[in-house]
Amino acid sequence: MARACPSLAWQLPWALVAGLAQAASLAWPWGGEPLWWLQLASMAMLAWLLRPGADRAVAWHRAALIGGVFATAWLASTFWWLFISMHRYGALPAPLAAAAVLVLAAFLASYYAAAMGLFCRLAPLHRAGAALLFGACWLLAELARGSLWTGFPWGAGGYAHADGPLRVLARYVGVYGIGAVAALLALLCVQWRRADLRHWPMWLLLLAGAAALALAAVQRTCAIDLCDTPPPWRRDPTLSVELLQGNIAQDEKFRPGSGVALALQWYGQALRTARAQLVVAPETALPLLPQQLMPGYLEGLARHYAQGPQAALLGIPWGDQATGYTNSVLGLSPATGAMPYRYDKHHLVPFGEFVPPFFKWFTARMQIPLGNFNRAGVGQASFAWAGQRLAPNICYEDLFGEELGARFIDPAQAPTVFVNLSNIGWFGNTIAIDQHLQISRMRALEFERPMVRATNTGATAIIDHRGQVTHQLARHTRGVLRGQVHGRGLDAHSGWAITPYAWWVARWGLWPLWALAALALAWAMRAQRMRRARGA
């Protein structure tokens, strides 16, 4: 006779602990590194709470509650630093700022609550297919969080695997696919540990065979080499870079008498004295609109880079009251002349860069400058320089791999180097810096493109195409990071021009992952109907 499920008073604290462990796995608070094994352990704990025995699964409504507690703890302890931007820099009262973080975490956790409830409603009790369904439900929740209501996928479980064995999957299925595989493996481990899988070696072989067939189909259909190593006779040119980190205090950054003057003086001098082929200054390094700058300031920089063998990318707000404002990157080089290259940010930060409908009352209580930008398009042109195609992205835009992937629709014009310009100073000296670094590393793995990062306070770094940090500047210091970066994919006809992930995400976005998850759900519902018919 099956035993009753454990009480909620016992399950919910463990769900809370598992959620906290999931958050810590993304960037360990005492070192900043991702811990893939801790993420798997936290997922295994969640799976065990949902299926406490070989012949027992919790009721769907209890599963939803467990999943909601797990996800709320995970998300709130992942982006708790939003409190700093709202309270310290936005002057929002501390209780209201803390409540806002918790409400956001609980709202996003509702996707996981629904997914876990659906899993326990549909999953078979004795089959390894339950692991497949668990991975599919987890994938649906991650996709919903990353896509709906502008999307906020910060802290997705797959980022914990930037250094783990599952990192090899990034070039095929991206961070969401890695998270789904981790969920599948977590439930398989739980079932294997208690002998719930009567024929588990056969199931694992079937899963491995299906994965191999899928990869072979991708290689044949897309004409993409699945090997990461480039041909030995092919070597892309090296680009020397200088990445500027001004470390302008966030509470001074937009004050005319202090931070603004310091930023204009320091960045102006650094941009003029740099010697590298490419110089990058971070997001809003120049914290004034062009028409607010002292006469000749921007024109002087443009003339400097028009005369020498150098180029610069620098962050600056752009526009006017008539046309609207954008958070932009300006590109200066001998080729641009009087018409500099410009990239405008597409994925704006809710409440910080635009006001969502019905929330003006909330943003009115905060004192955040530059808070109402226009949104630009996806897939903007790259900045061509020194034989490279440089693709800027601003702030947390590198969180959305599907949007970066839009630039890979034509391999001949695909980026060879990603350039991230950020200002994480809004969130203080917190784990947000390390989390953002892991996000950039995952993008480098997915597209096999190096990522250079110029930030106000950190992490200013150079990441190679294998996701390894090769150079990094000390956080919260003022300085210049010098290094070399090797662009990738200059030859559009070589087998390693783009990864499988870049190929399919450029064409269909995240829809293939949505479709795979939906197919798994359809299979589970059909299997459930068949079981009920046999029972009748």
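Sequential numbering from 1, following the chain as shown.
Cβ coordinates are placed from backbone N, Cα and C, and glycine is handled just like the others.
Feature annotations, reproduced from Swiss-Prot:
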ACT_SITE  E283  active site, proton acceptor
ACT_SITE  K345  active site
ACT_SITE  C395  active site, nucleophile
DOMAIN    244-487  domain 'CN hydrolase'
TRANSMEM  34-54  transmembrane segment
TRANSMEM  64-84  transmembrane segment
TRANSMEM  89-109  transmembrane segment
TRANSMEM  129-149  transmembrane segment
TRANSMEM  172-192  transmembrane segment
TRANSMEM  199-219  transmembrane segment
TRANSMEM  503-523  transmembrane segment
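Counted as Cβ pairs under 8 Å, contacts with the transmembrane segment (129-149) are highest for 172-192 among 64-84, 89-109, 172-192, 503-523. In the three-state DSSP reading, C395 (active site, nucleophile) counts as helix. Annotation note: E283 (active site, proton acceptor) sits in a coil segment as assigned by DSSP.
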